[in-house]
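Handing you this structure, nothing more for now.
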């Protein structure tokens, strides 16, 4: 479709310059007989159409207030985060106009657009190497030695700990994962079902299965709770993400892995994450693949362990984000892990496993390690917080990653569990945003 911009086209969201080639757009307009779209509005595809997220001021009956607002403004209440009186409204009018009207209402504390969340993209997004269903590259890969897992095997395994994976879902029939999965009701928040299956086709198909496989390899006895918050293209939104975080905690998650990116200005997400951190839940997030020092979210939110990626030499990969906001690094290049069996049939490849690169792959190393630390904490063997234990016992790799490309300390699982001498003496400070 050819989109035609006219002097009357609303392009305010692009501020001083029009979108660059390759930018995803959302357009409203009138289709011409010749097949062109005469655009009334052109915007970046960074929020859900006709949706506004609202937090109400405290009242005796917030739901009644929400219903009254919806009735007055010809909107509908679609969903609620009950712990914070945050509501998702749908509207027939333009969402920015609806947001402006709600912001001017004395009953509203704040109102924002429902921003899009996505799988981190960038240079390493899809790098495949295929193996077989018995691929020894999964269990024997160099990355596990790099994070000093060997002394831990058979001693600590994550027993009694639940790790929530908020992603594209998980292959529920994968033989390496099926016994570890903890499936809860309403766990597919994209299709509104009880089966958070990692289904395709799509550019992000398999992402959640791959992430879950890394966690399972680190903490084989931990329960993996998949929540599908991204579709097969790797797209979701901040309200669904916030809802899933709150729901995962209600269902007993001890650790939450977020190998995804979201809008740092989203109060829906920032306030939900803050509440989760306050409850003592360990949240791990991918730092992003933009080779940027600019903090990304949710990784840089207070209390979240932001994870960057390094190669086998413990040097930051060329595409990993970096900076003082990074808490830990872990292997993120050429990581072999579980992959949906159905994908192999699509491309006539050997099923079960694939190699992928990205900070999305580095984060689950830390999430799995967090499960091991929690098991030790539950047994009374560790007193420090999960983040403090992992970060202060990480290996100092600053000599390999000098300024300005600082990436925090390198994950050392055995040292964090006091099952091996740390590779570098721990220090009292650590790079966790508080």
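Positions of Cβ are set from backbone N, Cα and C atoms, glycine also.
Just so you know, TrEMBL annotations never went through curation; they're auto-generated.
Relevant sequence annotations retrieved from TrEMBL are reproduced here:
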- 158-395: domain 'Peptidase S8/S53' (DOMAIN)
- 167: active site, charge relay system (ACT_SITE)
- 207: active site, charge relay system (ACT_SITE)
- 360: active site, charge relay system (ACT_SITE)
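For each listed feature, how buried is it and what is near it?
Residue density at residue 167 (active site, charge relay system): 31 other Cβ atoms are found within 10 A of its Cβ, drawing on all protein chains shown.
Mapped onto three states, the DSSP output places residue 207 (active site, charge relay system) in helix. Within its own chain, residue 207 (active site, charge relay system) has 119, 167, 168, 198, 230, 234, 259, 356, 360 as residues 6 or more apart in sequence whose C-beta sits under 8 angstroms from its own.
Under DSSP, residue 360 (active site, charge relay system) is assigned to a helix (H, G or I) in the three-state scheme.
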If you draw a 10 Å sphere around the Cβ of residue 360 (active site, charge relay system), how many other Cβ atoms fall inside it, taking every protein chain shown into account?
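There are 35 of them.
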